[in-house]
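Scroll down for the structure; my scribbles are underneath it.
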Amino acid sequence: MFGKSKKKRKAVDNGEEYRKPKKKVKKFHEEKESIREDFGGFSSEEEEEENAGSVGRFVKISEDQEDGFLKVEDLDEWHSFGLKEPLMQAIAENGFRKPTEIQSLTLPAALMGRRDILGAAETGSGKTLAFGLPILNGILELKEREVDDPGVKLRKNVKIVRGRKDRDNLTPPPEELSDEEQPSGSTEALRKLYALILTPTRELAVQVRDHIKAVAVHTEIRVVAIFGGLALVKQERLLRQCPEIVVATPGRFWELLKEGNAHLSKVDDINFLAIDETDRMMEKGHFEELTLLLDRLNRNVEKKAQRQNFVFSATLTLVHDLPDYLKFKNLGRKKKAQKITPEKKLEGLIEILGISQPKIVDITKESGTAEQLTECRIVCSLTEKDYYLYYFLQCHPGRTIVFCNSIDCVRRLAHLFNLLQCRALPLHASMAQKQRLKNLDRFRTDPTGLLIATDVAARGLDIPNVQHVIHYQVPRTSENYVHRSGRTARASSEGITILLMEPGEVNSYSRLCRTLGRNEDLPIFPVTQRLLTAVKERVILAREVDGMDLRERRSAKEIGWQEKAARESELLVSDSDSEADDNQTDWKKAHARDKKVLKEKHSQLTKLLAQPLFPKGYSYKYPTAAGRLEMPTMGGQNAIQVMKEAIQTGKESSKVIKKAMKMKRKKPEKQKEKEAPGKFVRKPQGM
């Protein structure tokens with residue numbers, strides 16, 4: 001394994017570009033055990049690099065695929081930024097013909113003016129590269145200066161170790177040394193920590209790392225992701241490679257820093273700091289480690305002034321009302337809290353982060369969501385939400401994310417919809433990190449995948465071709481709504497977001513509309529009632545099976561616990577204790593009976609799901625308002641197109657109603673003109 005690493009380094013030293021050989025694509029079932037093995041930690045950089053282009057559209061393109069792909073000469077709009085040649089080559093290979101709006105507005109100031117950036121842009125607008133490219137370009141420039149002035153490099157980056165001879169260029173890289181062989185300062189100090197990128201979630205840290213590695217592929221810059229949920233030892237092994245860029249969640253970064261990690265201790269001298277989804281990171285009561293870290297970074301005024309900062313979020317300037325419980329809590333107080341404005345919110349962030357004279361770029365719409373996003377709602381009772389969700393999945397197949405407000409809700413829905421054979425994948429904070437990443441990868445590879453998640457999947461994740469986002473519960477804040485909805489309609493793609501709203505959520509919905517500046521209600525998503533009736537039978541039976549399955553598992557757990565307790569305490573039930581024996585036997589018989597009924601219900605559900613929703617001979621046609629008989633289609637319908645047609649039909653209907661109302665108002669006026677003033681005209685009967 002280490003031999004491969006040496007081979008790669010030798011090729012680079014000879015001035016040759018290292019290219020990994022092509023690998024045959026494995027079948028999905030063969031990949032299941034090997035997906036994202038790097039998140040469990042690697043013993044070498046080469047293994048970790050296997051996943052560099054694993055996210056969406058950021059794919060490394062091989063040399064023999066040049067035909068039909070962009071060349072550096074084609075990137076007219078990128079040339080004005082003055083990016084280094086290796087970065088331009090990677091941009092061309094990734095197919096980015098022109099920069100996005102947020103990139104066009106921030107890159108000149110970041111690259112040429114070296115200013116701090118505060119950027120607010122819609123989800124999927126290219127914010128990662130808006131800070132990733134200036135960081136990579138800046139590191140390349142700093143390295144060039146260090147080569148030109150070796151004295152500076154030695155003074156800043158090399159620690160003298162007593163009793164050790166000077167090392168030449170053939171010194172093995174730090175990852176090839178064992179813990180005993182690892183020098184305390186010499187080799188490690190040669191690689192500086194240039195940049196720190198902080199994200200609120202583990203999945204986002206992985207994604208940001210992958211995106212940056214995709215454009216750093218022709219450089220020797222190393223990027224490593226550090227986050228919780230994985231063994232500290234494995235992540236410390238990655239840090240022994242002394243990466244120039246560390247992408248991290250605040251908690252794990254601070255934990256390793258407190259333990260005295262040698263590479264992370266260089267954080268005081270970083271040249272670049274980026275905080276993604278900043279508004280979430282700076283919320284009161286969240287990420288206390290971030291506050292401690294910022295205090296440490298801003299302690300040295302001189303170093304703070306030299307550091308370039310990047311602050312990005314889709315909801316950086318969005319301000320929402322206080323939740324009701326906080327409003328009632330503050331009622332008795334004499335001093336009322338001042339209403340936060342977008343300007344005050346930004347001022348607070350600038351002060352906390354220690355930023356000076358930043359360039360502020362806000363290209364978010366007033367509504368906060370992307371232009372290509374179609375928004376709508378379904379009004380139903382709490383018990384009907386499962387029916388409407390299953391109806392939508394059957395009628396409009398496609399990659400779908402369902403968001404819930406609680407982990408319990410995610411677990412219940414995932415189990416229920418797996419019983420309904422929808423291949424539901426759960427994602428929430430209580431899951432093991434490896435399982436979370438595996439579920440995300442499985443979802444990415446399934447064109448009709450279903451991901452049921454909490455808000456842990458709401459921010460920043462760039463999953464390609466997500467057509468539908470469904471809010472099973474109304475989000476608690478407008479920021480959550482914007483970020484959830486932003487998982488679809490990314491870049492130039494279209495998408496639809498549907499709010500399942502029950503009567504108890506009306507207040508939350510009203511507050512959401514008010515914060516986002518919506519003067520009108522979201523349009524209603526059209527539902528064919530006959531299809532919904534057919535769907536209910538399946539969902540009701542699946543609920544029965546789900547409830548029985550839960551009871552059976554609890555019962556089995558109880559029996560197992562009692563038997564285990566008896567074994568551990570070495571209690572032997574005597575033959576004379578017949579009453580206790582009878583009770584235990586009756587309980588086991590009842591459990592076996594329930595298990596048999598559950599098996600029958602499972603079989604019944606499987607048979608029902610194998611049948612079409614409508615039996616043969618059933619009349620599919622139904623009368624419409626226009627008097628025509630139409631055939632409802634089941635499956636394959638484009639939900640976005642269905643909603644757009646419904647909106648257009650609604651507009652036309654409202655026009656007809658308005659016209660009819662106007663005509664109704666005019667008729668009495670004409671009638672009055674015909675009648676003589678002061679005269680009562682009575683029509684004779686029979687006319």
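A Cβ is built for glycine as well, from the same backbone N, Cα and C atoms used for every other residue.
TrEMBL annotations:
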- 1-10: compositional bias 'Basic residues' (COMPBIAS)
- 28-39: compositional bias 'Basic and acidic residues' (COMPBIAS)
- 585-595: compositional bias 'Basic and acidic residues' (COMPBIAS)
- 659-669: compositional bias 'Basic residues' (COMPBIAS)
- 76-104: domain 'DEAD-box RNA helicase Q' (DOMAIN)
- 108-334: domain 'Helicase ATP-binding' (DOMAIN)
- 385-533: domain 'Helicase C-terminal' (DOMAIN)
- 1-54: region 'Disordered' (REGION)
- 164-186: region 'Disordered' (REGION)
- 570-595: region 'Disordered' (REGION)
- 659-687: region 'Disordered' (REGION)
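Using a Cβ-Cβ cut-off under 8 Å and counting only residues 6 or more beyond its ends in the same chain, the domain 'DEAD-box RNA helicase Q' (76-104) has close neighbours at 57-61, 69-70, 111-112, 119, 121, 125-127, 129-130, 133, 136-137, 140-141, 214-219, 361, 363, 491. DSSP places the residues of the domain 'Helicase C-terminal' (385-533) in helix, strand and coil in these numbers: 66 helix, 24 strand, 59 coil. When DSSP labels each residue, the domain 'DEAD-box RNA helicase Q' (76-104) comes out as 17 helix, 0 strand, 12 coil, counted as helix, strand and coil in that order.
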